[in-house]
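Here's the structure we're looking at; comments come further down.
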Amino acid sequence: MTRPLQDRYGRVATDLRVSLTDRCNLRCNYCMPAEGLDWLPDDSVLSDDEVVRLIGIGVSHLGVREVRFTGGEPLVRRGLVGIVERTRALGPDLELSITTNALGLARTADKLAAAGLDRVNVSLDSVRAETFHAITRRDRLPDVVAGLEAAQAAGLGPVKVNAVLLRGTNDDQAGELLAWCLERGYELRFIEQMPLDAQHGWSRTGMITAEEIFERLSRDFELSPAVEPRGSAPAELFRVDGGPGTVGVIASVTRPFCGDCDRVRLTADGQVRNCLFAREESDLRAALRGGATDEEIADRWVVAMLGKRAGHGIDDPTFLQPDRPMSAIGG
Ligand code: SAM
Ligand code: SF4
């Protein structure tokens, strides 16, 4: 029996974001501190079988139609290709994608495509080696570039690139990054920085707003609204210089799209989160390891959605950043 993952405001979640690990081989400064972040204990992280079982419940009982693997860095999860393959076996029509920093993607893109992955989103904030290092604290730009090329060659397209602009670091490079992506056929989307970093360093004045991004890009490019309806997609899409290239701006903070949200998240340690900014979680791991049936787990998941709030409330004076950082939630 299929039931929708519906909340009290009538929104139905069909897009499941699955975090496969909270660990990462970069240290982007808007996400993690340079060192000292505690990882989830190994025995709390779901096994491959457990992850696939929970996704299966989502697909067969709860109307999940889209699965995106994320993290932390999903490519550091050893069983990734097998998890993708088994998820594909759950539904030939499922949309399967991954959000990754692309380190090592050059080696695995073909295997992921063969396993049934449809698309990748690659995070890249600068194409200058020194700026890349300043943000990620690692000298790995060539690996990202090679990963992007491999993804495109493997047919994991359209390849999307996600970028966060940081004041005083790369906010002068928006146009350069867009030109670089357009030349290579990658779809670039800028994302407003959100208060989800482990070190709680976010500030509203530090954030580069969608308005500023638009203004900066407009200096070098002519942007016109793309005709596709926005629907539940968070990116506002613009045609660049008449097309066919486009650029997206995701104004998560200044123009929230919570009213159209169709997402639900599963953390690497088996907690359902009905929102990135949720302050409560629902423990599916305990149910799973306690011997619950698929129906019982589905029941618990349905109840978890009822607590979903109308919006993230970043502008609310009572706003509290969630205890889990983005890297442990799954971006
Ligand atoms: N490691 C993978 C990656 O970087 O693509 C997947 C996980 S990462 C948490 C997912 C996305 O979240 C990335 O595009 C990253 O840039 C973005 N991100 C991380 N911290 C963020 C923040 N504080 N505000 C906005 N986006 C953030
Ligand atoms: Fe790692 Fe992604 Fe966070 Fe960067 S944004 S530190 S690549 S999890």
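Each residue, glycine too, has its Cβ placed from N, Cα and C.
In sequence order, Arg119, Val120, Asn121, Val122, Tyr186, Glu187, Leu188, Arg189 make up the list of same-chain residues 6 or more apart from Lys160 (GTP binding site) whose Cβ falls under 8 Å from its Cβ. The GTP binding site annotation in TrEMBL covers Arg17, Arg68, Thr99, Lys160, Arg263, Val264, Arg265.
What TrEMBL lists as [4Fe-4S] cluster 1 binding site is Cys24, Cys28, Cys31. DSSP gives Cys24 ([4Fe-4S] cluster 1 binding site) a coil state; it is part of no helix or strand. Under 8 Å, Cβ to Cβ, and six or more positions away along its own chain, Cys24 ([4Fe-4S] cluster 1 binding site) finds Cys31, Met32, Gly71, Gly72, Glu73, Val76, Asn101, Ser327.
The annotation S-adenosyl-L-methionine binding site is assigned in TrEMBL to Tyr30, Gly72, Ser123, Met194. Long-range Cβ contacts of Tyr30 (S-adenosyl-L-methionine binding site) within its own chain (separation 6+, distance under 8 Å): Ile135, Val164, Leu166, Gln193, Asp197, Gly201, Trp202.
Mapped onto three states, the DSSP output places Cys275 ([4Fe-4S] cluster 2 binding site) in coil. The [4Fe-4S] cluster 2 binding site feature in TrEMBL is assigned to Cys258, Cys261, Cys275.
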Annotated binding-site residues Arg68, Thr99, Lys160, Cys275, filtered by Cβ under 6 Å to ligand 2: none
Intrachain C-beta neighbours of Val264 (GTP binding site), sequence separation six or more, cut-off 8 angstroms: Leu5, Ala13, Asp15, Leu16, Arg17, Val64, Val272, Arg273, Asn274, Met305
Packing count at Arg265 (GTP binding site) (other Cβ atoms within 10 Å of its Cβ): 23
Using Cα positions only, nearest of the binding-site residues to Cys28 ([4Fe-4S] cluster 1 binding site) (Thr99, Ser123, Cys261, Arg263, Cys275): Ser123
